[in-house]
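As annotated by Swiss-Prot, disulfide bond applies to C43-C96, C137-C213, C205-C211, C223-C249, C234-C250, C239-C253. The feature domain 'VWFC' is assigned by Swiss-Prot to 203-254. The N-linked glycosylation site feature in Swiss-Prot is assigned to N27, N355. Sequence annotations record features per position, and here Swiss-Prot assigns region 'Interaction with CUBN' to 67-87 based on similarity to another entry. The signal peptide annotation in Swiss-Prot covers 1-19 and rests on similarity to another entry. Annotation source Swiss-Prot lists topological domain 'Extracellular' at 20-362, citing sequence analysis. Residues or ranges marked as topological domain 'Cytoplasmic' in Swiss-Prot (evidence: sequence analysis): 384-458. Taken from Swiss-Prot, the feature transmembrane segment covers 363-383, and the record attributes it to sequence analysis.
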Amino acid sequence: MGALGRVLLWLQLCAMTRAAYKLWVPNTSFDTASNWNQNRTPCAGDAVQFPADKMVSVLVRDSHAISDMLLPLDGELVLASGAALSAAGGDSDPACNPGAPLLFRNPDRFSWLDPHLWSSGTQAPGLFSVDAERVPCSYDDVLFPRDGSFRVALGPGPNPVHVRSVSAVGQTFSRDEDLTAFLASREGRLRFHGSGALRVGSQACTDASGCVCGNAEMLPWICASLLQPLGGRCPQAACQDPLLPQGQCCDLCGAIVSLTHDPTFDLERYRARLLDLFLKQPQYQGLQVAVSKVLRDAHTEIQVVLVETEHATGAAGQLGHALLQDAVAQGSVLGIVSATLRQSGKPMTADSELNQSSSGAGLAGGVAALVLLALLGTVLLLLHRSGRLRWRRHEDAEPVSAGLPLGFRNPIFDAIVFKQQPSVELPDSAQKVDILDIDTKFGCFVNPLFAGEAEAEA
């Protein structure tokens, strides 16, 4: 094959291969203010300390005059061209605090799985990536600063991290054997640590419709790293019924358009169409759009996430409906087979927040009542089993003694209630009737208030 043929073949491979890059952002440079506990670089007369038990490689770019330096047990200071470290004289910078040493922050704080620490060099304005795709995907080329110092924690995910290649310290690793040897060397151990594993050699994405990122299993650890500064909790969405796109850690306000496609669909061309025909319109200026291929129910689809970055205005829903109409009108040209739309609810207002808090309070009250009832039942059961509390059936109760009177003694009258009366003779009959012989057993009592009158009449 001639030179021209090789050039044409290389151009064809470049066209077929849609290489994506992820750039590592943080560093362990001596001249980066965020690497020091006072958020400033050392000034003249400062005493500086490095963590004694941490391995770290630190690049020094400028010249510094310091009064004292405590170095780590295992590490290195790399002096760039023109850089120098010298002992400070008697004078110190008035802006410095000579009483407190300047401490180099923990270099192990940077995790591979933290989306904050990566940047995509191919991200156009108005576009963003869901959280799982902000970390290097399996088809990505990973770039670390060529002329900078860094340290990365691998893990703690369950599976090795797979990428296409890793470029670090002036070398590009695309074979596992070469990368493994580098990670085992002192130079590699100064820059990579942790329980996780890193693998290279994955294939680049050659599918015009896009490729699945491959970080679905790592998403819980990605979200843990992302939300660590927030205490592990997502901020509350500013709308009712928010949406959770696939690959995202927290709910969003906006809309999601799901597209099924045929082999003629081109992901990059569809992204460009969104930017040129829709996002440039004034009513959609405040929207952010993420377009990627995701795996759902063993099938792939194109997920278009529309997020309102400012106050909810309904623009995301409007754009979602516009994309549905565009899919109907131009679906055969774009390679779109079907499209569905999901939208979040209305913006959160004071009344809706009050209703949510009231319903939450009611639910909490109901749960608390159930817990109290369960505790009360448990206490009663324990008391019963210990013999301190007894209960009987109604039929097991002792019968009332038959000899006890059914009435009660009245202290005011202090008289016997039932008293035998003499026989009386009815005027219309010669028959005597004994009152005690009547079935009803009537009785009478002597009222002391009228006892005198009764005796007088007698």
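Glycine too: its Cβ is placed from the backbone N, Cα and C atoms.
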Of the disulfide-bonded residues listed as C43, C213, C223, C250, the one whose CA lies nearest the CA of C239 (disulfide bond): C250
Model confidence over the topological domain 'Cytoplasmic' (384-458), averaged pLDDT: 48
CB contacts for C249 (disulfide bond) [other CB atoms within 10 A, all chains]: 19
Cα separation, C249 (disulfide bond) to C211 (disulfide bond) (Å, whole number): 20
Helix, strand and coil residues within the domain 'VWFC' (203-254) as assigned by DSSP: 12 helix, 4 strand, 36 coil
Inter-residue C-alpha distance, C213 (disulfide bond) and C43 (disulfide bond) (nearest angstrom): 45
Counts of helix, strand and coil residues, the region 'Interaction with CUBN' (67-87), according to DSSP: 0 helix, 13 strand, 8 coil
Residue pair C205 (disulfide bond), C250 (disulfide bond) - Cα distance, angstrom, rounded: 27
Least surrounded among the disulfide-bonded residues, given as C137, C205, C213, C234, C239, when other CB atoms within 10 Å are counted: C234
Entries of N27, C43, C96, C249 which, being recorded positions, have CA atoms within 10 angstroms of C234 (disulfide bond): C249
Cβ neighbours of C253 (disulfide bond) where a neighbour is any other Cβ within 10 Å: 24
Inter-residue Cα distance where the pair is C137 (disulfide bond) and C253 (disulfide bond), in Å: 25
Spatially closest candidate among C43, C96, C249, C250, the listed disulfide-bonded residues, to N27 (N-linked glycosylation site) (Cα to Cα): C43
Neighbourhood of C250 (disulfide bond) by C-beta distance under 8 A, where only residues 6 or more apart in the same chain count: L227, C234, P235, A237, L244
